[in-house]
Amino acid sequence: MLGRLFARPNCLLNRRNRYQLLTTLIINLISVSHGIGIGWLSPTLRKLQSNSPIGFEVKSEFEISWVGSMLGMGSVTGNILIGTHLGRLGSKRCLLFLAIPHSCLWFLVYFAQSVEYLYVGRLLAGITGGGMYIVHPIFLSEISDANIRGTFSAMVMLSVNVGVLGGYIVGTHLAYYDIPWMVLVLPLCYFISVLLFIRESPMHLIRIGKYAAAERSFRYYKNIKDGDNINDQNRSMEEFEHMKIALTKGDDKKDVVTFKDFVSRPALRAYGPALVLLIANQFSGLFTMVNYMSDIFSKSGSTMDPDTSTIIIGAVQIMGSYVTTLLCDICGRKLLMLVSTAGVAISLISFGFFTKYAQSYDLSEWSWVPLVLMSMDIFLGNIGLVGCFFVCLVEIFPLKIRAKAASIAIVVCSSFVFLMLNIFPLCMRHWGISATMWSCGGVSAFSFIFFAYFLKETKGKSMLED
């Protein structure tokens, strides 16, 4: 019975899928490490504002907002840098590059003499994240079988969220100067593993005319051995020949994307939902709150320890991203988006009311409420607005402009990350935490109404359709 289970094509431990799984686990080492860099900031930022463990303090709202927002600026840089060089350099070189700026982040954290060191470090962390969100999905789609591709792609966000929880924990419980050297082990292991065990994708090798290397790469990722059943080998190599023909045949000019393709009727119909997806994803505050979670709890009126509450939120975030991998292809994208936006709106508006009344009344007996409401916000946000975001963004664009339009959208999303990380602390200071939460909740409520009427279900859609 166990043997039959492992023999199923969609089983990750199936013999054919083993090297694909190993590759996915290896490249997600940098996803975990990137998540630690994100989560580490939340408890550490509170320490740097008073009784700083290093030689300076980060006190002003201006400095706090820029330490947070430089991640977004770096993400835009990483999107553009990797996006423009991926086709020429190939996935393996781009994957290796991701370890360099991320490692530099932790050196800057350790040797920081002023807040500018943290600015540059967060910028470098953003470059790794922005590049990762471009190269990982493309590389995984080129090496993995169609029946497990979605699971492998979902592992990226799951790995980031595992790292975020790890960042919350180490930032809370470990000394400032111990953390960088511990975390540096991950990018070092990642770099060595990619160098030794990761092969360039067969699709890229075909595109640059290295057909023999492409065949060796294909046989590696599909785990095809010379001693295998001859019929199985023939079927697999037929798949390789079809791939080779599809990537090398025809007139290149007919596939050139022009301005007319971006103003076609299907393209214009996609821009509205895509823009609202971007706005909902960032201006609902889900990613921003992950970076400032300890500050949010400290200002919420709750008497619970902010750092402990933040660690609990990190665990809830992992649960949400895991549920997405289970339900995305069962319930569909639209239903998860509707549940997600409605849940985020209700949670944040309720959180705003609690913090408003906590300023005037003694709500110490209800200190658990902010944690419950924020847990609902993060969990429901992750099952749709975060978990299904990249899937929906790619699927709603027409075939011909899909790659370029999705890349542009990701750059715009990274710009929104920078904006939100920059203004969120300023909004909490000048508007108050209640009005800030109500604003984010209002964006989510608007998105719910828009998605209910205008977002099309794309579950089961062929990637060859508009």
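Every residue gets a Cβ built from N, Cα and C, even glycine.
As annotated by TrEMBL, transmembrane segment applies to 21-42, 62-82, 94-113, 119-140, 152-173, 179-198, 270-290, 310-328, 335-354, 366-393, 405-424, 436-455. Annotated domain 'Major facilitator superfamily (MFS) profile' per TrEMBL: 23-459, in sequence order.
For the transmembrane segment (94-113), the neighbouring stretch richest in Cβ pairs under 8 Å, chosen from 21-42, 62-82, 270-290, 335-354, is 21-42. Of the ranges 21-42, 119-140, 179-198, 436-455, the one with the most Cβ pairs under 8 Å to the transmembrane segment (62-82) is 119-140. Note on the domain 'Major facilitator superfamily (MFS) profile' (23-459): mean pLDDT across this stretch is 86.
Here the transmembrane segment (436-455) has Cβ contacts under 8 Å with residues 272-273, 276, 279-280, 283-285, 333-334, 337-338, 341-342, 344-349, 351-352, 355, 385, 392, 424, 427-428 of the same chain, all six or more residues outside its ends. In this chain, the transmembrane segment (152-173) lies in contact with the transmembrane segment (310-328); the count of Cβ pairs under 8 Å, excluding pairs fewer than 6 apart in sequence, is at least 3. Of the recorded ranges 152-173, 179-198, 270-290, the transmembrane segment (21-42) has the largest number of C-beta contacts under 8 angstroms with 152-173.
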